[in-house]
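Structure record follows, encoded as structure tokens.
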Amino acid sequence: MGTALGAIASIVVGGAVATVTIIGLVSGSVNSGSDNPGDITSPTINYGSTSSAAGE
Amino acid sequence: MSRPLPNEPAPAADRFGWLPLAWAALLTLVLLGPALGRGYVLSYDMVWVPDLALRSDFLGLSPALPRAVPSDAVVAVLDAGGTGMLLQKLVLLGTPLLAAAGAVRLVGASTVARMVAVTVTVWNPFVVERLWIGHWPVLLGYAVVPWLVVLGRRVRDAAGVPLALWFLLPLGCLSASAGLVSAAALLVSAAGAPARRWAGLAALCLAANAPWLVAGATHAGDARTGTGSSVFGLGPDGAVPAPLAALGLGGIWNAEVVPGSRDGAAGWLWGAVVVLLAALGARAWWRRERRADAVGVAVLWLAGYGLAVLTWAAPGATSWLGENLPGGGLLRDGARSLALCLPLLVSLVASGAEVVVARAGGRVAAVALAVACTLVPVALLTDAAWGIGGALRPAHYPAEYAAARSAVVAAAAGRDGDLLVLPFTSYRAPDWNGHRKVLDPLGRYLTPNYLASDDLAVSGDVIPGEDPRASSVRAALRLPSATDRAEALGRLGVRWVAREADAPAADNPVYDAAVAGRTIHDGQRLEVVEIRSPVAVRDQSRTELVATALAWTAFAALPLVGAVTLVTRRARRMVTGEETTATVRR
């Protein structure tokens, strides 16, 4: 009984992770929005920002 | 067919032995996506041009810190004939594959261990963030770390230098920080070897790092980082605090290149899953591994993690190093040392996956858990896919760049002098690159030694650069007339001035000003002027030239020795093979 439940749980976990991965990858390819366009109104373009500044 | 290296587990005996490398290829393709299309991926520090011209500054003769030594010179040699685009694709594609192929040699022989090793090596915050910020030499250094660990163990156990080492060591030393990581990986893994053998390896490391070491030693006295460089230390990765993020190879200083998923629960879960699997696998791994091997990767992990966390815990120390120690600024980006954590992390996580799968009841359950362990790092970082959600889309240089280059090539024939790039700011966000940020590529696109601003704006604060000529350029730009500016710049060794009309600071008097001279290119985006005033061409001392030549000879000797050894071995094998065939026929 315990083995059967363990097997079912394993299959559910494996299936869930696989599904989440595929959905995530597909939605990531459709909604690609990771650009960080530079602020071209400022004379110097930021190389980056630290987390503390980004959170401000 | 390559022979397995000693200390390396036997190839997976089952019929799925091909699967890990096929998985690595698939993951790499999904990770890069559009980045592999036609054009140049220009993202932050990743600057590739069609044909990078070799120039003396790339060899380390510039007064600035050798941040792109020897990577620029190596690219300039390899992309001859306008193959820069192809070379960039090869680097982008080859780096994760190389890392994955090395990682599978560190873990158990089971397919599940190798699949998980591939995922954790290719799909993690370190790879994604360094790719986005464009630190490709750092990524190459990361990719050779597992190989150097395996090769170091081999040298420790048997005499002779493995053939692969002649090629992989210089590949891992294309920047200062990558070179230090590579040297540490090799030398720590070879600890316990006879002293003479270990010293030989240390000499090879010195040769592989010689170009930037010599450049740093000859110029670093003038090239000190200004205040504020502590911002480049290890930082939080989205919502995950820095020391915890570093456990999962995250923690780059620049929040802009951290994928959005790291801000939410997925960021925490990524680290939690990796640490949990590592904890589960630690005991089995410790029992299975040879003591010296286990201690070696543990020492590397401690060094990598410790250095990274130090830049977070004691940011003042990083700043002090940059300001007071010549060349200290090269080491300010603390999270780069996390590449040293890869061998232990990947070994433990793969071992943990084996433990989990072994507990499954039945074959189907085991397969399901193996799939879960293999995919979960991807599932928790899906926004890395497709060139980090499109952030790595390739771009094409405007046709005008080629016209300006031709004009400069014609004007520069037989004449020395530097090219000044204006506006005197370091970063651009050109419309033809989708306004994505990139270190100004114009200097690399044109052919002379160039002088560009190396000040960096971070969160609005400017971190002063290291080139001692920069302040003189700024002073020259403030002079009242175009003729005065030309004369002052000529005294600095500047013969050509390239001005980018579409840069944000164009015509801003702080960063840009007209310079008198002969216009050799006048286009919509670019203007190149040749200064007619006397130009004081930079002089290199004989000592500096000799030292640089020796350093490059040492560096180039490594792959050359490797190539000669390879050819000799092949020839010997062919002769032996022919003799054997002849004997059989007789």
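Every residue gets a Cβ built from N, Cα and C, even glycine.
Annotated by TrEMBL as transmembrane segment, the relevant range among B:24-46, B:47-69, B:231-253 is B:231-253. Sequence-distant neighbours of the transmembrane segment (B:364-388) (same chain, 6+ residues past either end, Cβ-Cβ under 8 Å): 23, 27, 30-35, 41, 111-112, 115-116, 119-120, 123-125, 128, 131-132, 259-262, 266-267, 269-270, 273-274, 277, 352-353, 356-358.
When Cβ distances are compared across the two stretches, the transmembrane segment (B:90-113) makes contact with the transmembrane segment (B:334-357), since 3 or more pairs at least 6 residues apart fall below 8 angstroms. Counted as Cβ pairs under 8 Å, contacts with the transmembrane segment (B:231-253) are highest for B:334-357 among B:133-151, B:163-192, B:198-219, B:334-357, B:545-567. Recorded stretches compared: B:133-151, B:163-192, B:198-219; the one with the most Cβ pairs under 8 Å to the transmembrane segment (B:294-314) is B:163-192. Sequence-remote contacts of a segment are chain residues at least 6 beyond its ends whose Cβ falls under 8 Å from one of its Cβ atoms, and for the transmembrane segment (B:133-151) they are 5, 7-8, 42-47, 71, 91-92, 95-96, 98-99, 101-103, 105-106, 121, 126-127, 162, 164-165, 168-169, 171-175, 177-179, 181-182, 185-186, 189, 252, 254, 257, 296-297, 300, 336, 339-340, 342-343, 346, 438-439. The transmembrane segment (B:265-282) shares the most Cβ pairs under 8 Å with B:334-357, out of the stretches B:163-192, B:198-219, B:334-357, B:545-567. Contact counts against the transmembrane segment (B:545-567), taken as Cβ pairs under 8 Å, peak for B:198-219 among the stretches B:163-192, B:198-219, B:334-357. Remark: the transmembrane segment (B:198-219) contacts the transmembrane segment (B:163-192), by the rule of 3 or more CB pairs under 8 A.
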